[in-house]
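The transmembrane segment annotation in TrEMBL covers B:35-55, B:61-87, B:94-113, B:119-139, B:146-163, B:183-209, B:237-256, B:268-285, B:292-311, B:323-340.
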Amino acid sequence: MTVLAVRGLTKHFAGVPALRGVDLDVEEGSVHALLGGNGCGKSTLIKALAGVGPGDDGEIAVAGQLHAAPAMTPRHAREAGLRFVHQQLSIFPDLSVAENLAIGHGWEAGRTGRIHWRSQNRRARDLLDRFGVPVYPRQLAGASSVATQTMICIARAMQDLEQAGVLVLDEPTSSFPPAQVDQLLAFVREFVGHGHSVVYVTHRLDEVVRVADRATIMRDGLVDVHVERDELTHDRLSRAIIGPAVRSAGTSVSARREPPAGPASVVVDGLAGGPVVGASFALRPGEIVGLAGLLGSGRSSLLKLLFGALPATAGTVEIDGRPFRPAGPGAAMRAGVAYIPEDRQADAAFASLSVGENLSLATSGEYFRRGRIRHRAEAAAARRLVGDYHVKTTSTRAAMGTLSGGNQQKVVLARWLRRDPRLLLLDEPSQGVDVGARAEIWHLVRHAVDQGATALVATSDLDELATFCDRALVIRSGRIADEVAPADMSEHTLQSRAFGIDQEAS
Amino acid sequence: MTTHATTEPEAVEPTSALASAPTVTARAERRWSSYVEALALPAVTVVIAAFFSLWPETSDYFLTSANLTVLLGSQTVVAVIALGALVPLIAGQWDLSVGAVAALAAVLTAQALADGVALALALALGIGAGVLIGVVNAFITTRVGVNAVITTLGMATILDGVINQRTGGIAVFGDIPLAVVEFGTGTFLGLPRTVYAVAVVALLVYYLLDHTPYGRYLYALGVNPSAAALVGIRVRLVLSVSFVLAGALAATGGLLQLARAGGADPNVGAGFALPALAAAFLSAASIRPGRYNVGGTLVAILFLAVLNNGLNLAGTPPYTSSYVNGAALILGVALAAWLGRRNSSA
């Protein structure tokens, strides 16, 4: 029996179609995998189901109840028994498991508002038993593994459902070590055994093969292929996702360069600090090098070490043959290092300062001549940068916070690239950036690298990494454990290398 | 799965920047509304002044030169102290010790003069004490890591003890050189001489904030300390200097008070801290809305002075000024916060 049916769902963003008439049927008590490359419309489809970004046209039927897609609201989705657990877990690590569960539901409180901890914990115990989550109610949620935390989130999402529901898991395992993937997959199978249904969104084909009853592959806002259980093989899925292979190979080759000849400009030897225990590698001018690794592998920390934002405990760095001790951001900047942090709002943008001020903060000394800041020259330079970097803003005097995420990122990029850095460190450069700006940002990085700089880019989006980087370093447990040569650059290779699986049979 | 590019870097149009050029009307409208925001509080001040000049209850006295001299002269001390508090405030740090520093500087200098120390040395002693206290505040907040409110509150309390120990609670008068008293009480071109001192200090602070990289660093720190560190700003150094400047300026305010009163009253200093901080906070409501700034500080002081002076002349009971000052502070800062939010998110 079909528990969730989508018919002819469409959605446009500023006239650009994101969904072009999607049909989907999810059978009751089954795991239905939803697959596709980045920008294929998976996330848009999920948002339309959740009612947070309703579709333009089409119908959604849940448990026999029909909704017009544009009228879908989060409340409708909830009442119909649709539940969502996202990649970024909404766990409060410093609260107990019981408290985490109560936050989505309500507290067992007396008339005076006092919480009855005993019944609260008993309720949590029952819930955890019902779903088979291996934790104690009083335990701190942050102390359990990511797999268990995901299970807690699932239990929390499903706790107030009387009937069987549909759970959408959005890339649940993206930051999991392999052993925990097994735990979660077993949990999901058990879960559907109780009559619930699961829509399982993932990039990982091996998980689909192991857990799914059926798979739907999306591409360019359309459902491309349905694959039934008996056809679910790694090979079948990868062919379906890659699609007409020649076309995508064409784009990637044009974006990527052969490694430039010549000596290395950046040599790092045994760099350690924080979770990084000893990173050694060399980078040549003119290349964009990706840094692939799982969450917690030391990916972001390595960039911070190179910029001096995290103190190094050991190791040496050489830039253009000169030894450089990353003692702090100031020293790193003088050595020609630029760093664009992952969290733009917290670590890069000055929201209430103007675009012009944001552009010049890493260059302030330059316009300070004869005891004054040359405001006119500075403003002229800011206007030129806004033009050169395609920043969409009403003026350079507009506050940074009024710009979109992509445009803010371009301002941050311009702030650093105007310094002509030798080594450009980027951490998740296209996070929170729309697709158009993402391409522009990569284009700007490529342009800087063509002028002789070197870029080291850490990103969790391996598809993006495979598309835009020339080669990749793989960081595992704080060490550069592997390297992916230009010819091998693919999301799949990067993924398996990041996990330390040498080569999968495919 | 392999490379599956949904977008190509080649797709970037080099001319797309032109599409973002703002239309002339949008720019003009924005400019017009920003002038209104910037000048609303000064305009209100003028309206209030005009009202008191015309209102029969106060019109006999308000616009007399004697009253205006008192009105302006009485605010010069708090203005200089407020400019001192403004510097660390921009970087997000509250210095609650400015009032006590002013009092200490006045007492130390007055006692030195009474002991026959040369004028220049006595003044340097007062300013030096302010600088030293700024250094201590800076060390405790940036190196030991104690919150600035706590540090400077504790410092203010300690200084209160120092002042009372040194004076026995009795005002220090006598042996103040005539030149000092004349500067404090005399007028030049119809304005109290201390007003020119405020103008000089205000220009210096304005120059520092708007025309040197240091000022930029202060604002950057106040907006986003983490990002400031990551653009190479030496956070602890910038903050330390701001506390030292606050100490030096507060001490200068104390010396102005000494000149105006012809002596140092140990009980006066603490009373300056809150009005000075209030003016620094209120500075974000005008001239450059949403940002603490020099012009806004002076406007805030004038606004409150005109209002209080007029009500005083009208014979309202003294407690009225508490209502007025408190309400003006809350409303003004609420306005500034609203302007700041509106201007930094579309």
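Glycine residues also receive a Cβ, built from the backbone N, Cα and C atoms like all the rest.
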Q) Under a criterion of three or more Cβ pairs within a distance under 8 Å and sequence separation of at least 6, are the transmembrane segment (B:268-285) and the transmembrane segment (B:119-139) in contact? A) no
Q: Six or more residues out from either end of the transmembrane segment (B:119-139), which same-chain residues have a Cβ under 8 Å from its Cβ atoms?
A: 95, 97, 101-102, 104-106, 108-109, 112-113, 148, 151-152, 155, 159, 177, 179-180, 239-252, 254-255, 258
(Q) With CB pairs under 8 Å as the measure, which of the listed stretches B:61-87, B:94-113, B:183-209, B:292-311 comes out on top against the transmembrane segment (B:323-340)? (A) B:292-311
Q) Can you name the far-off residues of the same chain, 6+ from the ends of the transmembrane segment (B:61-87), with a Cβ under 8 Å from a Cβ of it? A) 49, 52-53, 55, 94-95, 98-99, 102, 187, 190-192, 194-195, 197-198, 201-202, 205, 208-209, 218, 242, 245-250, 252-254, 256-257, 260, 272-273, 275-277, 279-280, 283, 292-294, 297-298, 300-302, 305-306, 309-310, 313
